[in-house]
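A.B. asks: Pasting a structure below so you can have a look.
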Amino acid sequence: MWFGVSCVVGAGIFVLTGQEAHDAAGPPVVLSYVVSGVAAMLSVLCYTEFAVEIPVAGGSFAYLRVELGDFIAFIAAGNILLEYIISCAAVARAWTSYFATLLNHQPDDFRIHIPALSPDYNRLDPIAVAVTATVGLAAILSTKAASRFNYVACIIHLTVVVFIVVAGLTKADPKNLSDFAPFGARGLFSASAVLFFAYVGFDAVSTMAEETKNLARDIPLGLIGAMTITTVCYCLLALTLCLMQHYSRIDVDAAFSVAFQAVGMDWAKYVVAFGALKSMTTSLLVLAVGQARYLTHIARTHVAPPCLAHVNGSTGTPIDATIVMLAATAVIALFTILRILSNLISISTLFIFMLVAVALLVRRYYVSGETFTADRNKLIICIFLILGSLIGIAAYWAAGGEGWVGYAVSVPVGLLTTVYLWLGVPQARMPKLWGVPMMPWLPSASIAIDVFLLGSIDRASFVRFGLWTASLLVYYFFIGLHASYDTAKVSSGRPLISMGFG
């Protein structure tokens, strides 16, 4: 539970709360954190069953590879790597903003403005690049030292969270909540989709399953307990911020530091800025270590270049993978503003969590060589109907549909299909140690909220996501498909064990 809290409670709350309160939701940003927390909790339950039943390293890539095959796993892996890179870049840029406030500057003062570039990419951030490089060096030199720093820094930033709530509420003004929902329901859900970034990190806990003694107790308690504590902390912090300042005056770059300054607590802004910097440095270090290990695991399947799986003998760290990931992070952090980064993170993360929920349905209802063909076909039809109805709901919402007709058609299809899957299709596999309760309702609910939140993200971000996915497909079909570990075994005449639905 402690590891989960330390992984999740960190940069997200400092990076995005101000932006979404000011631009998207207003005071209902508190409810946006609740919606994101519910979505994350449903995903946590799906991850927990996989972590307990398949206790291997590799997280969602490993789970999807087992249940849905190499192709889906590769697409998910590419988006997981994108999620790591963009998360690091977003945190690095926020680091610059809080560093500026610590030195009595405006959050944007240390960025270089290049008017000739597009407005979304014309604020160059060399400090973010320097911080990324420094953290990368620490991750390369010693994982043990990075882990010890993480423990100390986590204690500090949790202390700062308590300080912000207690000190901030002494300056609370209920009048700041009078215009409670200026952006309506659309703003609330739009903010929820972006704020999902603040919950990224719990999947790292599922990779600890190999090192856990009592899987059936420790993994569920750790993941569910950590998510509950995290959601409560986030809601308290968001409420405190909105009580301290009217949403229209909240700073989008360094919200908490500027809020304390605005209410006359200049001394407190230094405490907050220092704590935020500690928190973000921790997050950068955890992400730098995690993303390199993830790329290493993928490279071991040969889907990514195998040279990236090399672990240096003297440092015990994957130097090549770390350098590749952090070089990409540094380039994006130099040019790209936070709003673009946060939306891309949310698309990748929600997409992956939706796939994990689908994979759990496949795991429970299909076993290769045992499930009857008729039952397999029923499962396939049910999954497509559930996804189709939910995509229809999300598309109708995204298109601005205000009436009830679109929902009256799509919602019953999803509900009735789930009822049929529940009553009309036998489960092929029951969990041995721990399983998601209320099957298939909770995985279906996870898919529903993930897809709906995807429908709340802007079109430009989906274009960028589509370009990234298209580049993944080109790489996969021309290189990854032929270089994968399973393909290599077939080519060499060694037996290949087919796994999963794919």
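Just so you know, glycine gets a Cβ as well, placed from its N, Cα and C.
Below are the features I grabbed from TrEMBL:
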DOMAIN    434-484  domain 'Cationic amino acid transporter C-terminal'
TRANSMEM  31-50  transmembrane segment
TRANSMEM  71-95  transmembrane segment
TRANSMEM  149-169  transmembrane segment
TRANSMEM  189-209  transmembrane segment
TRANSMEM  221-247  transmembrane segment
TRANSMEM  267-290  transmembrane segment
TRANSMEM  323-341  transmembrane segment
TRANSMEM  347-367  transmembrane segment
TRANSMEM  379-398  transmembrane segment
TRANSMEM  404-423  transmembrane segment
TRANSMEM  435-453  transmembrane segment
TRANSMEM  465-485  transmembrane segment
A.B. asks: Among 31-50, 71-95, 221-247, 267-290, 347-367, which stretch has the most Cβ pairs under 8 Å to the transmembrane segment (323-341)?
C.D. replies: 71-95
A.B. asks: Is it true that the transmembrane segment (435-453) and the transmembrane segment (31-50) have 3 or more Cβ pairs under 8 Å, skipping pairs fewer than 6 apart in sequence?
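C.D. replies: Touching, yes - the transmembrane segment (435-453) and the transmembrane segment (31-50) meet the threshold of 3 or more Cβ pairs under 8 Å.
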A.B. asks: With the transmembrane segment (31-50) as the reference, find which of 71-95, 221-247, 267-290, 347-367, 379-398 contributes the most Cβ pairs under 8 Å.
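C.D. replies: The stretch with the most contacts is 221-247.
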A.B. asks: Of the listed stretches (71-95, 221-247, 347-367, 404-423), which one yields the highest count of Cβ-Cβ distances below 8 Å with the transmembrane segment (267-290)?
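C.D. replies: Result: 71-95.
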A.B. asks: According to DSSP, how is the domain 'Cationic amino acid transporter C-terminal' (434-484) divided among helix, strand and coil residues?
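C.D. replies: Summed by class, the stretch gives 39 helix, 0 strand, 12 coil.
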A.B. asks: Same chain only, please: residues at least 6 beyond the ends of the transmembrane segment (379-398) with a C-beta under 8 Å from a C-beta of the stretch. Say none if there are none.
C.D. replies: 189, 358, 361-362, 365-366, 371, 406-407, 409-411, 413-414, 417-418, 420-421, 425, 444, 447-448, 451-452, 454-456
